[in-house]
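Novice: Can you keep this structure in mind? I'll have questions shortly.
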């Protein structure tokens, strides 16, 4: 019998470990897909020629999907087969990823905007005359390829719908997975298990961003076009990488992660209490299985029907009980503020690095993946280890969380003052004579040096001169002739370049924007160092903050509380930020691209200084407010802890009192005073 009991105990432990490993892999899969989506924002924006505000709506569709089902999944799912619901969610998540990649196969080949025709024939003797060819383009550049673009312009809807399905599928993972783990593991092991899961999960964003960086260097129509005919490279703001390929990969990983959950049981014995369940099983379950199978199935069906009705009736009262918990409500408000800042930060960080420090989209996503995210992973596991090593309670966890929050905010505030000068683009950020330029309009692109060329002012086809000045197009640089083919094309006798150099110097330009100064590279390294340290410190407070949330909730409301937290935070903290951050960032645009059909496309160049102040200023505002809320929360927790300690002490004094009547009165008074608080808030 002892051997049988030992085997059963080992089986229960192995199932809990299997669930732990499976949940960690699902966290990896969902984070892998989510990070790849973030890393592909710039590529999707360019592919569909849409502004940042619309990209914000697409990015927010993930949270919209969560909003549709999170309340029902969290409440009813906690009463049903939680592992199986997680598995179904993973399948839906994979299906959504496959839908996102669908436009690539339905849309025409990508055609980037250009002001000249780029020959790919190396033996061609044709010489392109940029200044002269635009005479014939001025009136026709708005009507080129109207049909193909009109068809492809609405294809972003597939990305919107697919991302929404990803949000629906991801819904059960956190509330049901964490509550299942917390229900069946030892209380002292929960922080360490959560830290392990989140650490494995953070590998997902690392791989997601690295995959995004790799695919950003591969041309979107690879395998369908001759790459020699492509005259731009991955550093160009018109370049679109193979964004669609990554969603096929992330969908496949999500599909594989669903498999183990269909083989896990509905419930497990509490870790450390397996012997109790073993005794029950050995004494009674065998006979029940042999003789009462049919009756048991019928009874289970009746109980299931009754329980669903009861669950529906208890939903509103449970919500009232939950939100009477003042600590829980304040935690939700704090998370809401933090997530608003974090979502804006992570969504547009690659664009920020690209515009402020002159990094390519590929390099920006790569650096986030290999520097920031490992720091976050190390921070999460460190925070969990500190809690377990020093056996910190709720107050200790709150102290760790508030310390890390304040420190990371200080490092973030310093980043506002690190910046490079705007890229020198004639007619946009500086005048053609090199003077600083502050008020841009269409006419500032024209100058005496290109007045005779009748150039189109809508195209973005930048060229770089040896003096470090970028011109919007070869025509606006006043270039008269050209040599070379494809990406190696050079333009000569550029009259606007001649105004900026000493006589005898080269008046030629090459395709692409000029690189930033060496001083900008130094500032970028300082920024990344502060960013990495700040990411580590901020992540150290992640697990302690989560433990404060878990320990402030009554056990029967845990799944509902986590679900409502996800619902509220993702509704108000996940959907709006990408939209209003995108709108504000669009206001800093200096040069908009032009669609093939003539409409306004994606932004090609931003005012870097205004972008930096808007972006980092708003993020710092949110994090400053979150620090204030954490201070209030900490004092609230301490006050509640003292109240519970006094109540317990009053009970002990009452039981040990001299008179039985006085003891009873003391107990009655102490219980009466604490009864309402006990109903409202869980014991911390």
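Glycine too: its Cβ is placed from the backbone N, Cα and C atoms.
A TrEMBL annotation is a machine prediction, not a hand-curated record.
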Novice: According to TrEMBL, which listed range is transmembrane segment: 594-614, 615-635, 636-656?
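Specialist: Feature transmembrane segment in TrEMBL: residues 615-635.
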Novice: Of the residues in the domain 'Kazal-like' (443-498), how many are helix, strand and coil by DSSP?
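Specialist: Computed counts for the domain 'Kazal-like' (443-498) are 13 helix, 11 strand, 32 coil.
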Novice: With Cβ distances under 8 Å as the criterion, find the stretch in 85-106, 240-264, 327-346, 366-387 that has the most pairs with the transmembrane segment (615-635).
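Specialist: Between the stretches 85-106, 240-264, 327-346, 366-387, 327-346 has the largest tally.
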Novice: Should anything in the same chain at least six residues away from the transmembrane segment (192-220) have a Cβ under 8 Å from its Cβ atoms, list it; otherwise answer none.
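Specialist: Cβ under 8 Å, 6 or more out: 20, 23-25, 27-40, 42-43, 47, 104, 110, 178, 181, 185, 227, 230, 234, 239-246, 249-250, 360-363, 365-366, 368-370, 373-374, 376-377, 380-381, 383-385, 387-388, 542-543, 546-547.
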Novice: Excluding the flanking five residues on each side, which residues at least 6 beyond the ends of the transmembrane segment (366-387) place their CB within less than 8 Å of a CB in that stretch?
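Specialist: Beyond its ends, the transmembrane segment (366-387) has Cβ neighbours at 35, 39, 191-192, 194-196, 198-199, 202-203, 205-210, 212-213, 349-350, 353, 359, 396-397, 400, 404, 528, 531-533, 535-544, 547.
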